């Protein structure tokens, strides 16, 4: 035996023991925390300028309320407890300055526009009850108020058009419990086991069949979790048009397919045995089948997203900066999430992108369901913005922003974490190519985009609103629908109007229509609308004339008028429709931004309908009009309760005006048809219920701007792709091996309800 062998073995064993010891020690050592990298100096001028779009602060709202109470000369009751015959403040929101004034300030060094509020007041305690809108300013110390109602709407807003306050819903509930139900005690006790706490009401809208009506069907459900899929079969039509609550009355009653004059007649028919009773099994408080409590225990944790070197975006007040993007954000009480002054590489591409309305039209063989046409803006897409749950509603590490509003109260309210902003790796390449012909290389770019999100919960439905900013200069507006489906009591021919979801539950067919305002400013304020598409042409092959070739060619058309630019909902639309600038790119093409719509919309309500003009924006998948200050929104919160004489009729915006080389606005409608099915129990998922639009550069740049992204990856077969300077991905084990700084979980969604 070699005498040196034992020593060699000893040395080898020692080396192995040392390596294993190092590995064990390293396993026990805590990884370093992920640290944010120093950010570049922010654009202070841009930050200060964009405050012109900032939502009102709680202090400003409080100042407006104090000013109005001191200067209107009438008593203002807190809307939270107001009767219809009282005067009250319905809402206070930012009055967005005129565009021309803002652009002078942003682009030409003009004076900063005055900061003002828009206050909506209900005047029920006067000889001529009406709704009045005041512009109040200047903030933060108001000194004037102007009645702008006639200027905006061409006349006073009749009082019956006012959106219902929460206090009015409560007053109707008290009326039902103390007056209406008192007339049918036997029926309620024996059929519904009614005890004044075990039923929930859901109202319908609009309230009647003609201007001036305020008659609402109130549908009764079991008062359990997910109540909207627990109908009881009883619906009551309440006439609450009088400002004197004591004069409210029951106009009609519906139970299990039969109509009755009032609750007295229902009680009499029941006592005499002339009613077909359908007893509903009493559900436990958690709703049983409608409970969202998981049916399985927690197991392995789902994947999480983190930022190993901290966020690559920054938020200063209402300004967001992300790579080449910048924009200001805000939240309207009625219309929800909105963006202003959207710039890419320092150049404005859009002045405003905002949600306008969310409409649902229902079908049913029950009166409440068949008469429902919800215009959710009248309830408040911003007012009902939900506090967000970290890790579910948005990534856990997202930035969460509080929002403030003043609606139906004299005091501002704060919704904690009701907006979120995050960068998201979408898990796919934005672009890539693997070359195995001629040269050998790989090039690609991860599709990482910035998302700003809010979620609105209006009654049973939840809308997830996203605006997404991509590295190639594209912007996406997207909405996802979830929440509980609305339902009717299943009876008779109910299956003509939906699917059976449970024993007595009919999931009713309905449409969703979402309207957006997109004020593009492509290469400047003045734009034209151009349509590109394709057509096949037949030609002889030049090298073989006896042969015929069918080849696609490009078609081009400038859409000169608003009528030409109004594309009906189900009509064929040019596949490339874009806002064209007066400037050209390096290759001689007009610089443009293309509008690409993703929609599965159902049919629009027939135009012969008496209420169609109130929702006439839904006639069009796209309508482009001249931008006018007197046409700021496609609809009005007052249209819901008087659609027969709409305060704003979008159809009037389209009057064949020339739209060549003008300041233009695109009004985009997207949506989907929802036929609820058994998988909508316990509630509806977002998968497949997502629609929206894209705004994409079209010859706007000389090449794809994402080529300048720091996230690009490229290597050839001749390079060392394991070297960090060649391929940053090779160093991920080093650069991304850190512990995320996840903040503690908090949630304030159940506070100050």
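Glycine residues also receive a Cβ, built from the backbone N, Cα and C atoms like all the rest.
Caution: TrEMBL annotation is automatic and unverified by curators.
What you are looking at is a predicted structure, and each value in this text was computed from that prediction instead of being measured.
For residue 376 (active site, proton acceptor), other Cβ atoms within 10 Å of its Cβ number 25. Annotated active site, proton acceptor per TrEMBL: 376, in sequence order.
The active site, schiff-base intermediate with substrate annotation in TrEMBL covers 461.
DSSP assignment over the domain 'Copper amine oxidase N2-terminal' (71-144) gives 14 helix, 27 strand, 33 coil. The feature domain 'Copper amine oxidase N2-terminal' is assigned by TrEMBL to 71-144.
Annotation comment: TrEMBL describes 162-257 as domain 'Copper amine oxidase N3-terminal'. Across the domain 'Copper amine oxidase N3-terminal' (162-257), DSSP helix (H, G, I), strand (E, B) and coil residues number 31 helix, 29 strand, 36 coil.
The domain 'Copper amine oxidase catalytic' annotation in TrEMBL covers 305-707.
For 461, the entry in TrEMBL reads 2',4',5'-topaquinone. Counting every protein chain shown, the Cβ of residue 461 (active site, schiff-base intermediate with substrate) has 24 other Cβ atoms within 10 Å.
Annotation source TrEMBL lists transmembrane segment at 7-26.
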Alpha-carbon distance [residue 376 (active site, proton acceptor); residue 461 (active site, schiff-base intermediate with substrate)] in Å: 10
Mean predicted confidence [pLDDT] for the domain 'Copper amine oxidase N3-terminal' (162-257): 97
